[in-house]
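Working notes for the structure below.
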Amino acid sequence: MQAIAKNDIKTGTVVDLTHEGHGVVKIDRFPIFIPQALINEQIEYKIIKVKKNFAIGKLLNINTRSENRVAPPCIYYERCGGCQLQHLSYEAQLEMKKEQVINLFQRKAHFDNSKINDTVGMTDPWRYRNKSQIPVGKNEQNEVIMGFYRQRSHDIIDMESCLIQDSQHQEVMNEVKSILKDLNVSIYQEQLKKGLMRHLVVRTGYHTDEMMIIFVTNGKKWPQKNAVVEKILDAFPNVTSIKQNINDSHSNVIMGRQSITLYGKDTIIDQLTDSTFKISDQSFYQINSEQTEKLYNKAIEYAQLTGNEVVLDTYCGIGTIGLYMAPLAKHVYGVEVVPSAIEDAQQNATINQCNNTTFVCGKAEEVILQWKAQGIKPDVVMVDPPRKGCDETFIQTLLTLEPKRIVYISCNPATQQRDALLLAEKYQLEEVTPVDMFPQTTHVETVALFNLK
């Protein structure tokens, strides 16, 4: 193999893309990963890091451009780590995400008879985020800065706009930056673990336009609190809720456990199709409401509900998918380990007048065995776990339950593939549909249908 050393300048043709969207050039089968390089491009690059099994390169010049390359519309794209694919046409982004799923399920796990559908995309893949979490800091000139982190760092890129956030959020961000500066509010400095203002979090109801503004502070005492609220109301008189969240943990966790309502309601309301949901500052709620409706509609299609089925909604959160399905089911049982989420789910059931739902707090693998002992046998099980996927004990419990169908929503297809191999003992993976919940990024969600053999 050719010698490869740091700072070498080389040329080559990009033959593949990684799941992170990096171009792959190979030298005698040794891969070099190059951010922002695209398949079939002939490029010049510099080796910046060499590892045992791969190297990292920096793109210097593109000698032959891909037909899928586009000019990134965001002026911060080269520095900000929030988006990874703005240089790739949206049609090619959707195809790339489908290829990721094919690679995981067919090429690696050999689910050769399982259908992989086209990625479900957006008509307008911008301004889709209904929740923004914006770090606050100071620059070398001691000026207040707000924006998003540089890739793989906690260096804040000072911004005035973000093209994937709700447009209202950037208006709030810019106004808050001015308010913090004018009122000389203490700013948290992560390295020193001192200062007050850590993050600004903004949530909006996609269909209702209700807005919640949350100030995350390092401690409860905040001398300028009332003045800040007054200025926010002057600028945004239609704001629904203003809250202070206290996070004095000095960790990377954005929000703490305690929140105080400074103005308005404790929650905001949003809708998904015909269902209404109450959302608190800490509720888990899908970021892209438009795509969530498409995701859930595909899940309902897979569930094949006729009105006679008992549905078990595991990892149910605030009850979104369970309540979405309730009008089409005989009864929905939801289980979630987070107590506040179950409280929200129960309230959301009341709001939607769903009398055929039961929500219980606990570990799914334990609660469903209790339900089984009570004679409750689900026809359909909904699974929507966190990125780490399902606990193996849960999978084994599910295998003993033997529902007719399992509909598995995943925000991490790699762990979904791992779990699919365990489910294969008794279940046939019929098909997988990728859904683009986060355009311009490498993230892809999937919904999969498993039928009992």
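From the backbone N, Cα and C atoms, a Cβ is placed for every residue, glycine too.
As the structure is a computational prediction, the values presented were derived from the model and not from experiment.
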The S-adenosyl-L-methionine site in Swiss-Prot includes Gln286, Tyr315, Asp384. Which of Glu336, Glu343, Glu365 is also listed there? Glu336
Between any two of Gln286, Tyr315, Glu336, Asp384, the residues recorded as binding S-adenosyl-L-methionine, what is the biggest Cα to Cα distance in Å? 16
A 10 Å Cβ contact count, applied to the binding-site residues Cys74, Cys162: which residue has the minimum? Cys74
If I take the Cα of Cys83 ([4Fe-4S] cluster binding site) as reference, which of the binding-site residues Gln286, Tyr315, Glu336 has the closest Cα? Gln286
If you take the centroid of the Cβ atoms of Gln286, Tyr315, Glu336, Asp384, the listed S-adenosyl-L-methionine site, which other residues of that chain have their Cβ within 8 Å of it? Phe284, Asp313, Cys316, Gly317, Thr320, Ile321, Pro385, Ile409
Top Cα neighbour of Cys411 (active site, nucleophile) in the set of binding-site residues Cys74, Gln286, Tyr315, Glu336, Asp384: Asp384
Spatial neighbours of Cys80 ([4Fe-4S] cluster binding site) that are distant in sequence (at least 6 apart) but have CB under 8 A: Cys74, Gly147, Phe148, Tyr149, Arg150, Gln151, Ile157, Met159
According to DSSP, folded down to helix, strand and coil, what is Asp384 (S-adenosyl-L-methionine binding site)? coil
Tell me, how many other CB atoms lie within 10 A of the CB of Cys83 ([4Fe-4S] cluster binding site), whichever protein chain they belong to? 22
